[in-house]
Amino acid sequence: MRVLVVDHPLVAHKLTVLRDKNTPSPVFRQLTEELVTLLAYEATREVRVEEVSIETPVTKTVGTGLVKPTPLVVPILRAGLGMLEGMTRLLPTAEVGFLGMARNEETLEAITYAERLPEDLTGRQVYVLDPMLATGATLREAIKFLFARRALDITCICLLGAPEGIEALREQHEGANVTIVLASIDEGLNEKAYIVPGLGDAGDRLYGVVG
């Protein structure tokens, strides 16, 4: 398993505005999309490509094209949906699947409540979108689910991560073809398993508090 923290001044700037509790939901959504596009640029460095023949207005030449089947993008519902536009802006030909997962606030374990994915992911590169890597429970189960369907490799794009969550993923998926791409690794988790300093509940800040 590989962990990559994207070091870029624009990433740091946008993340700072996201952290600010006074940033309203419309601005939060827009900045999330922009930040994800920056993270996706680094996350797709290992995307599979092949040589293709094309013809320019001047002559025939050889270029680069994405290998088929194209990558699969999987946002974790609901907060991961706020990252989807930023990802598909960079990979518009990618297919999109969905995993609905929620955290049990008592056990802190992840519960899968919905999925819309191909049954067979053999040979597919998968990009999982989940803004907060806190305890690691959600991504741990998502990665296990995708590998069970024979995904080739999995890259998880997160806005923030905590050392506890990264270690939990490493314990279960060490040696696996998994990459975690983040804007920042924060100090740790508080007693409610929220990332500190963090940015609060990403889903609530994207869409407002429901229920």
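Positions of Cβ are set from backbone N, Cα and C atoms, glycine also.
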5-phospho-alpha-D-ribose 1-diphosphate site partner of Arg78, Asp130, Pro131, Met132, Leu133, Ala134, Thr135, Gly136, Ala137, Thr138, Asp201 (as recorded in Swiss-Prot), chosen from Arg103, Arg116, Arg150: Arg103
Ala134 (5-phospho-alpha-D-ribose 1-diphosphate binding site) and Ala202 (uracil binding site), distance between Cα atoms, whole Å: 12
Gly136 (5-phospho-alpha-D-ribose 1-diphosphate binding site) versus binding-site residues Ile195, Gly200, Asp201 - nearest by Cα: Ile195
Fewest other C-beta atoms within 10 angstroms, as judged across Asp130, Asp201, which are the binding-site residues: Asp201
